[in-house]
Amino acid sequence: MLPTDVLNQVIATLQKGQRFFLISHVRPDGDAVGCLSGLARSLRKAGKTVELGLVDPPPERFAFLLEGETLHKPGERPLDHDAIIILDTGDLPRTGFAEALERPATVVINIDHHPSNTGFGDLNLLDVEASSTCEMIVFLLERARLPLDPEVAQGLYLGLCTDSRFFQNENLRPAAHHAAQRLLETGLDAGAIVGRLLSTRKLSEVRILGHALLSLQLEMDGRLAWVALSAADLARHGATMADVFACGLFGQLTGIDGVIAGVGFVEHTDGKIYCEFRSRRGFDVKEIAVGLGGGGHLAASGCSLARPLADVTAEVLQRVRERLGGFPH
């Protein structure tokens with residue numbers, strides 16, 4: 001549940017303010033792009049001026065939601081708006097705008113559903129039970145009586161679908177379905193959104209997914225699945241980091257019968273190793289990610305480590321094995 005006092009303050013700011021700057025996290029996913037698009041479109045339809053900040057470009061399959069937008073980088077714009085709204089981001093460094101936001105001249109609103117959120121805003125609208133930040137934005141727009149039409153709904157439905165794994169996440173609350181219903185009631189073509197997400201794949205995504213699945217390892221009587229992709233693997237198949245995150249690999253790890261925990265390791269050309277954790281049956285991977293400097297949710301979390309791939313793989317898998325060893329079969 002959202003804290004009523006904070007919710008009312010956020011609504012008042014959205015209604016009274018005229019100029020807003022919206023930011024989300026590095027390597028934006030569907031929820032990040034979706035809530036940026038949905039909230040920006042709604043505020044503009046209400047006559048507000050909105051600018052967007054993103055350090056990294058959106059993945060190709062989500063880019064249509066921000067088509068025609070100027071995506072500002074840190075330092076490109078003075079942050080002198082009526083409010084800076086940071087969406088779907090657990091802490092300031094993850095925005096890439098941390099230095100620019102050290103001494104903001106305006107109110108910072110933090111809207112997020114990650115349990116690891118540090119509460120960095122002046123107003124922190126947090127709901128760790130929400131399926132996605134997009135679910136929260138649907139509720140917020142309704143309460144604030146801001147426009148919610150098919151154009152606004154497009155991004156919000158996409159983010160709701162991707163972050164809930166198309167409503168497959170365990171412990172998904174009724175509010176997620178209520179949000180989807182409200183978006184469909186706008187006249188949104190939901191089939192077109194789902195088709196974009198599920199029916200279209202780049203060749204590089206298919207190739208890196210095939211390579212990853214062929215090299216996948218199972219341990220602990222089939223309860224742990226993991227895969228490691230080097231920068232050379234990506235280059236060999238013409239794939240990018242965005243392709244790895246878009247191809248559905250990490251979700252497939254826990255789709256294997258009997259698997260409780262899945263871990264994906266991906267080496268970036270910058271030398272960092274990105275670790276993605278997925279789980280089923282209530283196994284908490286968030287605590288593992290947090291212990292490694294990352295964060296996320298109980299069943300989906302991540303972190304990045306600046307060490308050789310083999311070293312990271314060995315250390316992280318040992319932590320997962322230790323925790324999974326005490327988890328009921």
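Cβ coordinates are placed from backbone N, Cα and C, and glycine is handled just like the others.
Among the features that TrEMBL reports, domain 'DDH' is placed at 20-159. Summarising model confidence by region, the domain 'DDH' (20-159) averages a pLDDT of 94.
Per TrEMBL, the feature domain 'DHHA1' maps to 252-324.
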For the domain 'DDH' (20-159), jot down how many residues DSSP puts in helix, in strand and in coil. 49 helix, 26 strand, 65 coil
